[in-house]
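Asker: According to TrEMBL, the protein has these features:
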- N10, W11, K12, G178, S218, G239, G240: substrate binding site (BINDING)
- H100: active site, electrophile (ACT_SITE)
- E172: active site, proton acceptor (ACT_SITE)
Amino acid sequence: MARKPLIAGNWKMNLNHLEAIALVQKIAFTLPEKYYGKVDVTVLPPFTDIRSVQTLVDGDKLNLTYGAQDLSAHESGAYTGDVSGPMLAKLGCSFVTVGHSERREYHAEDDELVNKKVRAALKHGITPIMCLGEKIEVREQGTHVQHCVDQLIAGLKGLKAEQVAQVVIAYEPVWAIGTGRVATPADAQEVCKALRAALYEKYGVAVSDEVRVLYGGSVKSGNISDLVEQSDVDGALVGGASLDSNEFTKLCALAAGGPLI
Ligand SMILES: O=C(CO)COP(=O)(O)O
């Protein structure tokens, strides 16, 4: 089954709301309408930028969508500093990353919390992009495939097949994030294929055919084509390269099959 590629720009903790408006305007101006039929494009700015991005996307009727980088597992209440699913839904967020390795590392998020956040996103109609991936030590031991499959199963625990069908998975090997050390297309395919096989085994073919599995880690316009050519890689979660409008739009165009802008 042909899955439409998704390119998600994870801005991480970069750009204030004025810079966010400028970047989204540049992306919208540079990427011609025709590409949106062949690739879904979303940007994931910091929380403080989302309202401004919403105003621009709604006002100019842009084809790209936007989302957030995290959400609370709770609905509301005494959770200082957190942002809830209902708040993000109200802002029109289409996606939210959950369980990014930087959240796992700096905020001690484990698979159990990731699972709660995936549920919170789904409950409020926001598509979770559930991130997983191995650290370098795990890869060196050669147990990375099983490690990633275990993270997948734990993150989706207790969900019904119809719910799993709505999730996006992002395989991001930790050693490839922000390092310039991109996994080879074969490395990405090995894990993405195993993740899809695990989805097939547990939830059936309708789910494994539907779920988009992205690769993330030092993705740029120079390597996106070889990555999306892999049969189980359905797009990319892009960090650094998503902050440069020329690089990001070029990457989106290539993921759509070109031609290069
Ligand atoms: O963490 C990432 C996206 O979520 C990847 O970041 P880089 O593209 O900067 O390596």
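Each residue, glycine too, has its Cβ placed from N, Cα and C.
Unlike curated entries, TrEMBL annotations are predicted automatically.
Describe the structural surroundings of these features, if you would.
Answerer: Sequence-distant neighbours of G240 (substrate binding site): residues of the same chain at least 6 apart with a C-beta under 8 Å from its C-beta are G178, S218.
Under the three-state DSSP scheme, H100 (active site, electrophile) falls in the coil class.
The Cβ neighbour count for E172 (active site, proton acceptor), using a 10 Å radius and every protein chain shown, is 30.
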Asker: Ranked by the number of other Cβ atoms within 10 Å of their own Cβ, which of the binding-site residues N10, S218 ranks first?
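Answerer: Compared across N10, S218, the most Cβ atoms within 10 Å surround N10.
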Asker: If you skip the near sequence neighbours and keep only those at least six away, which residues in the chain come within under 8 angstroms of K12 (substrate binding site), Cβ to Cβ?
Answerer: P46, Q69, E102, G239
Asker: List, in sequence order, the same-chain residues at least six positions removed whose CB sits under 8 Å from that of H100 (active site, electrophile)?
Answerer: N10, Q69, D70, C131, E172
Asker: Using the recorded substrate site (N10, W11, K12, G178, S218, G239, G240) as reference, state which further residues of the same chain have their Cβ within 8 Å of the centre of those residues' Cβ atoms, listed in sequence order.
Answerer: I177, V238, A241, S242, L243
Asker: Within a 10 Å radius of its Cβ, which of these binding-site residues (G178, G239) has the fewest neighbouring Cβ atoms?
Answerer: G178
